[in-house]
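Marked as domain 'Amino acid transporter transmembrane' by TrEMBL: 34-381. Annotated transmembrane segment per TrEMBL: 32-50, 71-94, 114-134, 146-166, 186-210, 222-244, 264-284, 305-326, 332-350, 362-384, in sequence order.
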Amino acid sequence: MNNEEGTTLIPADKATGESRSSLISNFSNLDGVFLFFFCMITDYSIILLIKGGHLSGTSSYQSLVQSTFGFPGFLILSGLQFLYPFIAMISYNITTGDTLTKVFQRIPGVGPDHILAERHFVILLSTILFTMPLSLYRNIEKLGKVSFLSMVLTLTILVIVVIRAATLGPQIIPTENAWAFAKWNAIQAVGVMSFAFICHHNSFLIYGSLEQPTLANWSRVTHVSVGSALIVSAVFAVAGYSTFTGYTQGDIFENYCRNDNLATFGRFCFGLSIITTFPLECFVTREVSDAFLSRDLSRAEHVSITLLIVAVCTAISLAYDCLGVVLELNGVVSATPLIFIIPSACFLKLSPGPWFQSENLIPIALILIGVFVMITGLIMTGLYPQDCSHGVEMFYCADANVSVTVPPRNYGSFIQTTSVCGARQLRLPL
């Protein structure tokens, strides 16, 4: 695998890695339209960002903003660039704890009271054995093979979700108006998409790692990466939502029953994929610290900062376990400005001639859309946060030995509970 091929995988994995669960719980027909146009916007703004670097003669996101908006702009961007991957790492740990505990419980002798079924222990274990050592790499190119592994795992999970859509989906009664064209909270999905598709905070790093870092090569890498992320994310969203409709959780694997062996294998792949994606975000947070010091970190500083970042992320993820809210807040607060507002604002200021010329109309529109998504998304997330049923078996699962969620009152004239293996099916009158 050459340099260019390896770095093509990184942004693609970055997008698909987070979208596989986060997009599904906020899905409607209108959201499908949003997803398509959002990918076009992401593709455009990533290329626009590198164009801004060419116009300003800079080679990093932070230096681009500093040359355009001075030190205040540099501080704002640095805060956002640090906050986004930092919160992303918290969400990765939450997902690891939610996912791998269910995997371990399928091991004979490991019950709900076993230490391997304790999310805090699993998070600490995965941090010490995997995410911390991988995060200590200093060169992002060395993560190319790790990113490739994560991409393979993503495709494996995709196959599992599609299979379960065909086998489990018909046994779960859809919620009322499950396939309405638009829902009142559709705008929340845009915040989640922002979280899922952002690659801007590490775009200059990836651009610099190309064998031939030209705008033409970068455009090709971006088109392939974002295009593949769109396809995978769309299939995930449609297959996952069609299976569970309105009962879909922020983490899709929270919806599958504990005794589903295929879903257990999917959980294992999902957890491993998340673990291998974690170091990419840690790399970016460390680069922000490097930029503040205005020099390369010594080995001792590199290790110390990495340990501090990972330790704080782990501590927060141990204390909070609701994934959906974390994804939405990170999307609207951190990702939306990095995708919509800042690249467009830099390009407008660096572009010669008046603002209202034809080539500037799209950047102006992106700024207005970004501001709208931020304000509306924050309000919607605060007023209508996603449900969080961490560690609770869903009501349609047949295992009566575990606590289960209760179906909503409007579920219909009957509840259908089912063994995902198809062994039995009960219809209980209300």
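Even glycines carry a Cβ here, placed using N, Cα and C.
Just so you know, TrEMBL annotations never went through curation; they're auto-generated.
From a predicted model like this one, the values you see are computed outputs, not experimental measurements.
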**Item:** Long-range environment of the transmembrane segment (332-350) - Cβ separation under 8 angstroms, sequence gap at least 6
**Value:** 41-42, 45-46, 48-49, 51-52, 55-56, 64-65, 68-69, 77, 80-81, 83-84, 87, 191, 194-195, 197-198, 200-201, 360, 362-364, 366-367, 369-371, 373-374, 377-378, 381
**Fill in**
Checking 114-134, 186-210, 264-284 against the transmembrane segment (146-166) for Cβ pairs under 8 Å, the most are found for 264-284
**Request:** Could you pull out which residues elsewhere in the chain have a CB under 8 Å from any CB of the transmembrane segment (71-94), counting only those six or more residues past its ends?
**Result:** 18, 61-62, 65, 123, 126-127, 131, 195, 198, 201, 274-275, 277-278, 280-282, 284-285, 288-289, 291-292, 309-310, 312-314, 316-318, 320-323, 326-327, 329-330, 333-335, 337-338, 342
**Message:** With contact taken as 3 or more Cβ pairs under 8 angstroms (pairs 6 or more apart in sequence), are the transmembrane segment (264-284) and the transmembrane segment (362-384) in contact?
**Reply:** no
**Message:** So if I exclude everything within five residues of the ends of the transmembrane segment (362-384), which remaining residues of that chain have a CB under 8 angstroms from its CBs? That is, six or more out.
**Reply:** 41, 44-45, 48, 185, 187-188, 190-191, 194, 325, 328-329, 331-333, 336-337, 339-341, 343-345, 347-348, 355-356
